[in-house]
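Just dropping this structure here.
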């Protein structure tokens with residue numbers, strides 16, 4: 001097959017009528033794979049077929065010709081289409097679903113077909129296509145007036161948000177938080193690779209992000225004069241993004257989005273800022289290997305409903321700075337812990353289905369019979385929830401009790417209307433219960449009694465004709481018939497009308513049987529039509545109370561999270577933190593909530609104090625001693641407190657922080673073309689440019705990605721900037737022991753260390769925070785534990801003793817104060833009329849001369865004078881010739 005000629009062509013008279021129809025539809029949807037319904041299959045053609053064959057592992061065949069070449073074709077069975085759609089959606093591919101809407105029996109030429117829906121990664125609502133544990137978000141971004149506008153829509157729940165951020169780093173952080181399934185951006189907007197290379201990234205025409213168009217669209221949908229009621233009328237960039245997003249959602253869903261009831265201003269100023277590096281380093285819901293194992297979410301998530309699990313994930317990624325809301329959540333957890341009142345509530349909540357997404361499908365008119373059945377069973381549990389909440393003294397729980405109100409009329413309606421175990425789809429009927437509709441019951445009775453009638457007719461005709469081989473039957477092609485064997489067919493009565501000849505029998509029809517056939521077949525089709533009409537009526541009736549049902553579903557999700565946090569706090573021995581508006585972090589016997597769960601040995605808890613007099617701790621100690629764990633547990637305790645949860649400690653008092661920053665670990669950014677050190681410096685720059693005195697900063701091993709003195713200088717300067725200018729609460733872990741002298745020079749800075757001890761030629765990590773700097777790093781002992789060959793360890797020990805014997809500017813813990821070390825002084829120029837030898841000379845380098853060598857050669861001197869970044873190609877070639885001449 002010639003792959004160069006299989007691109008989708010333009011329809012012309014050389015194509016069959018069916019293919020012309022397909023090509024017209026495909027021309028309208030060039031960016032989607034088109035699933036074209038033909039009988040029991042969805043067929044794909046041309047490039048779509050080739051792409052599907054590769055992505056879905058289906059067979060690539062051919063059908064007919066275009067421009068003299070075979071047309072590539074692939075197909076998937078209609079009944080299994082959802083599985084294939086799910087796979088494409090996960091790969092970030094959009095699909096246009098084309099259905100037959102005409103009647104083949106009455107249509108001349110190709111059956112009429114039209115696009116019934118467009119399935120995109122960010123707009124799917126079908127249960128089979130979604131991960132119930134994660135939000136499935138459509139997000140749009142744009143840039144206006146030097147601010148990034150961001151809007152998100154959860155099609156399943158109808159949650160629609162808008163907000164703005166000031167810079168690219170904040171944009172990356174928000175995309176990391178939202179984890180969109182599909183991301184829309186203007187064609188001309190330049191974004192970092194970390195965003196543009198995401199699966200589901202779509203470029204849209206710039207005109208789709210026009211502010212005036214967006215405002216008209218949104219005010220028309222919400223039925224308002226302007227957007228001031230949502231508090232976002234001044235967010236030009238945000239509204240522009242929201243307009244593009246909403247238009248795209250309407251276009252793909254082919255319906256009004258009635259479940260999108262409001263636009264929420266998701267104001268970053270009310271939340272703790274977490275950048276992308278912090279979310280990654282703290283492993284909130286994804287570990288560094290890319291899975292959920294051993295994450296904070298995995299430890300906390302014992303939610304009983306899918307929507308509760310999704311809300312808990314959102315809380316972890318959006319800690320709050322509103323002390324009123326946090327105190328309300330704490331009080332609710334405290335009330336639920338009283339007499340273990342969370343237990344009966346959790347037992348009841350287990351019976352509640354994913355109401356958010358069921359209601360989303362209800363609003364989109366795509367709800368299936370089992371959705372309605374689960375909705376009925378779920379809202380039937382609301383009275384029990386009301387009973388459990390009655391009498392619990394908590395303002396937040398009382399508010400939720402009002403939201404999760406009873407719906408007795410809907411429970412009664414759905415209980416009467418639906419079969420006990422309805423089928424998956426309405427197509428074949430069997431959904432509406434007997435006794436709900438008299439007309440439907442009558443039509444069903446005709447079909448149900450057909451079997452009895454045929455038995456009686458067969459007995460009657462055998463007795464009347466005396467033909468022993470006579471029998472009455474039915475098939476889909478020829479309908480009802482009387483069948484008589486060949487040997488007796490000639491004795492058939494004259495009123496028998498021949499219908500079909502078989503090899504060994506003849507089939508007949510009689511006027512009486514034809515009358516019954518018309519009535520029975522008509523009754524079946526009329527029953528299906530009646531049932532479909534009743535089902536649609538149910539959908540409309542439920543949509544009349546959609547807003548109240550959405551509020552109740554939201555209340556159930558929040559109640560689920562609160563009862564889960566109560567259960568976790570009880571089982572994991574968490575304490576209630578004291579929150580206040582001032583500055584300071586006090587943690588007594590703090591623990592890492594995740595590490596504690598995976599250790600076989602008891603976790604060693606540690607204290608922490610940061611306040612107005614002690615704002616920074618310089619942490620030293622051996623690798624594997626627990627420095628990173630101590631730092632991370634501090635951040636996680638603060639984060640848990642600021643979602644309103646209890647924390648893993650014996651006591652905690654916290655002044656709310658506005659941001660949490662982490663510079664921990666090492667990794668490169670191949671897609672962005674950044675080295676490990678460049679990533680480290682970029683993250684450090686973000687901290688130094690954006691941290692405030694109310695921020696919590698964790699910095700681990702700053703400067704290790706470059707030479708010793710470059711790294712030491714950078715780490716030193718970072719400590720000074722954080723202490724003197726930003727005054728942020730900081731945990732600064734380092735192996736540069738020279739930095740432990742800084743507390744003598746900088747106010748509010750103290751040394752602490754995690755200790756270890758040597759025992760029988762091995763090392764024992766104590767994991768306990770102690771005041772003061774560490775005495776040694778134990779690097780060789782850790783290397784030995786890691787399995788480094790003994791001869792290498794021995795050689796390293798010799799090198800270490802030689803290096804330690806060499807004089808340096810400072811030994812550990814003798815950092816000069818207050819004047820900083822001149823790590824490298826320039827050579828002074830000779831004064832006029834004074835011998836050069838009398839000028840100030842450059843002192844010996846304080847860094848040990850590890851590998852003494854001869855003076856540099858002329859070639860080396862020449863090479864050092866060349867900056868390759870500033871050379872033109874011609875200059876580079878000339879430099880090469882010069883070097884050749886020198887050598």
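Glycine residues also receive a Cβ, built from the backbone N, Cα and C atoms like all the rest.
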Pick from 802-827, 828-853: which range does Swiss-Prot record as region 'Disordered'?
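Residues 828-853 are the ones Swiss-Prot records as region 'Disordered'.
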Suppose we draw a 10 Å sphere around the Cβ of residue 628 (ATP binding site). How many other Cβ atoms does it contain, all chains included?
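Neighbour count, Cβ to Cβ under the 10 Å cut-off: 21.
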If you take the centroid of the Cβ atoms of 621, 622, 623, 624, 625, 626, 627, 628, the listed ATP site, which other residues of that chain have their Cβ within 8 Å of it?
629, 754, 756, 765
Just to verify: the residue among 621, 622 with the fewest other Cβ atoms within 10 Å, which of the binding-site residues is it?
622
Near residue 627 (ATP binding site), how many other Cβ atoms are within 10 Å of its Cβ?
26
List, in sequence order, the same-chain residues at least six positions removed whose CB sits under 8 Å from that of residue 624 (ATP binding site)?
765, 782, 785
Sequence gap of 6 or more, C-beta under 8 Å: which same-chain residues meet both conditions with respect to residue 626 (ATP binding site)?
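The list for residue 626 (ATP binding site) reads 604, 754, 765, 767, given in order along the sequence.
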Tell me, by DSSP, whether residue 627 (ATP binding site) is helix, strand or coil?
helix
I want to check the contact list for residue 623 (ATP binding site): same chain, sequence separation of six or more, C-beta distance under 8 angstroms. What comes out?
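Same-chain residues close to residue 623 (ATP binding site) (Cβ under 8 Å, separated by 6 or more) are 777, 778, 779, 782.
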When a 10 Å sphere is centred on the Cβ of residue 625 (ATP binding site), how many other Cβ atoms does it contain?
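So the Cβ neighbour count for residue 625 (ATP binding site) comes to 25.
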